[in-house]
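Residues or ranges marked as zinc finger by Swiss-Prot: 11-28. The ATP binding site feature in Swiss-Prot is assigned to 102, 103, 104, 105, 106, 107, 108, 109; the stated evidence is sequence analysis. Residues annotated as motif 'RadA KNRFG motif' in Swiss-Prot, with sequence analysis given as evidence: 258-262. What Swiss-Prot records for 357-460 is region 'Lon-protease-like'.
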């Protein structure tokens, strides 16, 4: 008599599993997200054998002293894109598992195809496609004018078969496009389900560690822009990056959200052209492409992205509201942060906007999360309210507290130096960030309170 297939109940939100169904997940506290998954033992490969092969640890494990472990830096190889290397922490580490996500049409497959075509001339690579046919990939490579003579292609969705072929080919870098269409034979659920995504990602990660193959997995995203699939998917990989960009903009930003071999929140900027993605070596010049006409409601701030400063322009529009509840719209900034700053401006700046619609936008599609943009945002709103432009050679940064104090931000000297390189001659910064020796030809105003910043603005 055949044994009944094993059953498990898995949460679709976080990937936690349970022996029986329950209404609420105990891990993420979400309701009605637990579904049944049937598991059947593989008829040809025992579990211990499978774990000790492609997905398991090679050889016999042994205990080692931490002091005996070599401290030599892991060797890296370049992707051929300096911006991509920057986001990865300096290049690709052999044996690492990388997950790249992004909206449909952002350019994930294009970026990886360009990368592998460049690297195929120097080392052995393998591009595994599960969503497109080989003819479709070849047509895109031909349209972009990429060298394809040395690139190895494979159209397959079975993880076991892919690892068998990779064992024979022994590539240095392998791309899986995408992880949501891959499946394992001993998991009786459809590709893209929580169980399939979790097990296939873990299988590939262990294969990368034991064989020294760098694997890049393409992942889908949800409606809110986060990576689809269980959270355990992001836990088991070494590096998670997200390729983002508006549909009406040709610029794409690549940002690292997790990196075991480098800095997180590192930013790389690309431009989508007819020849594919091209890296932008000086992003500040693009985000600051302003016209000669001076307009109110515009200010320039210096944000810190990963390991480098970036100059971006923030725009604000304050107009009389025709509705009982004025609108507050923030694009590229946190909505709650805008509400806090409006309250601080009313309480400590004496300017109330309760009857005004307020719209703010970060130019270029950049998403700013750090609080160093507070002071620039406030001055942009005041500029729009008074219809008085800020000087074009003025740069602003600083955090604003609830008591109206201007708090210092990290790397103040580097931010000021970056602004001076781009021709800015005046700066309003926190008093604690004023350098002992400002850049030549630059006038730096240090402020401690919001009232001080408004006073400097009046005197400009």
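A Cβ is built for glycine as well, from the same backbone N, Cα and C atoms used for every other residue.
Taking every protein chain shown into account, 103, 109 are the binding-site residues, and of these the Cβ with the most other Cβ atoms within 10 Å belongs to 109. Report note: the ATP site is defined by 102, 103, 104, 105, 106, 107, 108, 109, and the residues of the same chain whose CB lies within 8 Å of the CB centroid of those residues, excluding them, are 110, 243. When the binding-site residues 102, 105, 107 are compared by the number of other C-beta atoms lying within 10 angstroms of their own C-beta, 105 comes out lowest. The Cβ of residue 108 (ATP binding site) lies under 8 Å from the Cβ of 100, 101, 102, 177, 218, 243, each on the same chain and at least six residues away in sequence. According to its DSSP assignment, residue 108 (ATP binding site) is helical.
In terms of DSSP helix, strand and coil, the zinc finger (11-28) has 0 helix, 4 strand, 14 coil. Within 10 Å of the C-beta of residue 104 (ATP binding site) there are 8 other C-beta atoms, taking all protein chains into account.
Counting every protein chain shown, 24 other Cβ atoms lie within 10 Å of the Cβ of residue 106 (ATP binding site).
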